[in-house]
Amino acid sequence: MTTQLGPALVLGVALCLGCGQPLPQVPERPFSVLWNVPSAHCEARFGVHLPLNALGIIANRGQHFHGQNMTIFYKNQLGLYPYFGPRGTAHNGGIPQALPLDRHLALAAYQIHHSLRPGFAGPAVLDWEEWCPLWAGNWGRRRAYQAASWAWAQQVFPDLDPQEQLYKAYTGFEQAARALMEDTLRVAQALRPHGLWGFYHYPACGNGWHSMASNYTGRCHAATLARNTQLHWLWAASSALFPSIYLPPRLPPAHHQAFVRHRLEEAFRVALVGHRHPLPVLAYVRLTHRRSGRFLSQDDLVQSIGVSAALGAAGVVLWGDLSLSSSEEECWHLHDYLVDTLGPYVINVTRAAMACSHQRCHGHGRCARRDPGQMEAFLHLWPDGSLGDWKSFSCHCYWGWAGPTCQEPRPGPKEAV
């Protein structure tokens, strides 16, 4: 059945690739917090209820990792993603130029058709991290993809001299990687046009591995910025951006805001590439520190979720792994963290963002810092629940609105991102 239905779906998708679909719409809220944590076991197995809805956190039904409010596809869950395993085993050809693209697209279309309902309108994230689509971005352990590409070129073009073979390896890899990522997005958007499709960790920034020197600025690495400019085709093909703002375990807390700010500013920069209106930016936030497993502190939440809201991101995606729901004890730890720390802060930020939107932007845009470097300006309610002073914020209007306070209607589809 798969082999019969898949190509038929791809054929229909191919006929629609030039339809000129408008960007999908985002729920009408200035700042969204989404739950991408596999916590379904907490209630189903251990009877521990996590009150996400009451805390203003958007989750899938039953709190499943994949669902109709948001979904993420890992490397083995959509099509035939090529990569090398830990022992060097090639999966799906190992490198993009060895992959039969039509078979990949057929399978991806089949999987999307059967996993997401036609009206799906949430974030749909592709998590493909094994290689970078640009040759120069494959350093460290990723050099295996350069070596395999050179071996491929030597086999396919045996009569060329080594320098020409290297050129074929380089161009062949980049062209095939681009076709794979671009066409996967196009197929996905044609099948589920209201979904917010994009790749996790794109754009990169390269600001997380600097030394702990006192002169840390948080600015993105120059080479990474140049690669992001080269990836203009990826931003043009995406309908949302999902940068990672996971706090580095060794980075001093005093530098957290600079780290997050520059990652988001780079996402805002490329969000305009190939689009009349900037793409929504939804940053990935990890609930626990990678090495210690500790939940993010109140200050960590301010410097990740709070900074994202203050800079004008469309929202954040909260991510966690299966360990958070691996036992009744772990589920209660998660429950207590939600109720005591995370939930109250999410309520504060989302309500403040909504209040600022209505007070300053007529409800037709989101508030963002006038000066991104104004580190003390946040969208927070006062401790007594009263509204803050939004003088440090200006309006970023939704699609269909313009003016300093988003008071002027503009023709075109309305977008509330």
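Here the Cβ of each residue, glycine as well, is placed from N, Cα and C on the backbone.
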CYS331: disulphide-bonded cysteine as recorded in Swiss-Prot, out of CYS16, CYS19, CYS42: CYS42
Pick out which of CYS356, CYS361 Swiss-Prot lists as the disulfide partner of CYS367. CYS356
Cysteine paired with CYS361, where Swiss-Prot records a disulfide bond, from CYS395, CYS397: CYS395
Annotation N-linked glycosylation site per Swiss-Prot: which of the candidates ASN69, ASN348 has it? ASN69
What does the structure give for the C-alpha distance between CYS42 (disulfide bond) and ASN69 (N-linked glycosylation site)? Integer Å is fine. 19
Secondary structure at CYS356 (disulfide bond) (DSSP, helix/strand/coil)? helix
Quick one: of GLU129, CYS205, ASN215, CYS220, CYS331, CYS356, which recorded positions lie within 10 angstroms of CYS397 (disulfide bond), measuring between C-alpha atoms? Sequence order, please. none
Integer average pLDDT (0 to 100) for the domain 'EGF-like' (352-407): 93
Excluding its own, the Cβ atoms lying within 10 Å of the Cβ of CYS361 (disulfide bond) add up to 26
Would you mind sorting out which of ASN69, CYS205, CYS331, CYS361 (the recorded positions) have a C-alpha within 10 A of the one on CYS367 (disulfide bond)? CYS361
